[in-house]
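**Student:** Okay, so TrEMBL annotates it like this:
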type	residues	note
ACT_SITE	H239	active site, proton acceptor
DOMAIN	40-122	domain 'O-methyltransferase dimerisation'
DOMAIN	145-214	domain 'O-methyltransferase C-terminal'
DOMAIN	215-269	domain 'O-methyltransferase C-terminal'
Amino acid sequence: MAPPNETDNGEAKQLQHVEEEQDGLLFALNMVSSVAFPLGVNTANELGIFDIMAKAGADAKLSAEEITEKVGIKNPQAPTMVDRILRLLASHSMLSSCLGEEGQNSCKRLYSLTYASKYFVSDADGVSFGASLNLILGKVFMDSWTELKGAIAEGGIAFNRIYGMNIFEYSAVDPTFNYGLNKVMFNTTTIVTNRVLELYDGFKNINRLVDVGGVEHVAGDMFESVPSGDAIFMKWILHDWDDEEFVKLLKNCYKAIPSDGKVIVVDLMNWHYLLDSVASDSSALSLASGLWSFSSRNHLLLAVS
């Protein structure tokens, strides 16, 4: 007969195995329908739901019926459909939910914004991440995913294989896509730059800042030379180029700054430095796999150096 401790350990391991198996099953089931979440967020954004909730006040809690009325939808089934979307968003912590306790909302589900959903509310600059989600879930980008297998098996970039050109060339021939892409770049640049200014004080005592790829247009080729300044600023520039051009650009930046100058980079980070980050998972496939680009450095969210 096994000692009590061995029996207890065996039962604990068996219980752990059952729990892990159950977690794996639930994760797999969730993954099968995981596309519903970003599509649900995008639908809420297109309906203006996040802005409606924000306008109701910081601590406002609204029912699906109240939100639908403010959207101005006449479809009698809309409140039920909207409630299902809101419940989905709440299950992913994109919204908070609770049951109403009194008045006309008694026993109804009520919803409020979270820190995450506030990034889909138009801010003081009139920008949000809504445009980014809308573009990524649009037909042009979604069709690129269908060629990812071919890109892996035969080489190339999935987007280029579908459209016969890269994303920037395509934007020149599709006005609607070009508008959406530029809107995304403006919105994300505004949000990220504001965040950088909150967290990074390295811009102090800089009299002349050279923004490579933005602000005032100066004719020239950044791979030939970069205008001189106290500091060089590059946001989401380096990840677009291969290693040879990457090094050439950095050398030109080095030549353009004084001995006490600096190069400030806001760009994508290599994923293995962010293994525990949710953000590191989100961009891995779309960038590092060659869906839209080919740079081996592509990966993540924000780096200031």
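A Cβ is built for glycine as well, from the same backbone N, Cα and C atoms used for every other residue.
Curation plays no part in TrEMBL annotations; they are all automatic predictions.
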**Student:** Using DSSP, would you call H239 (active site, proton acceptor) helix, strand or coil?
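**Tutor:** Where H239 (active site, proton acceptor) sits, the three-state DSSP reduction gives helix.
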**Student:** Could you break down the residues of the domain 'O-methyltransferase C-terminal' (145-214) into DSSP helix, strand and coil, giving a count for each?
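**Tutor:** Residue counts in helix, strand and coil order: 44 helix, 3 strand, 23 coil.
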**Student:** H239 (active site, proton acceptor) has how many other Cβ neighbours within 10 Å of its own Cβ?
**Tutor:** 18
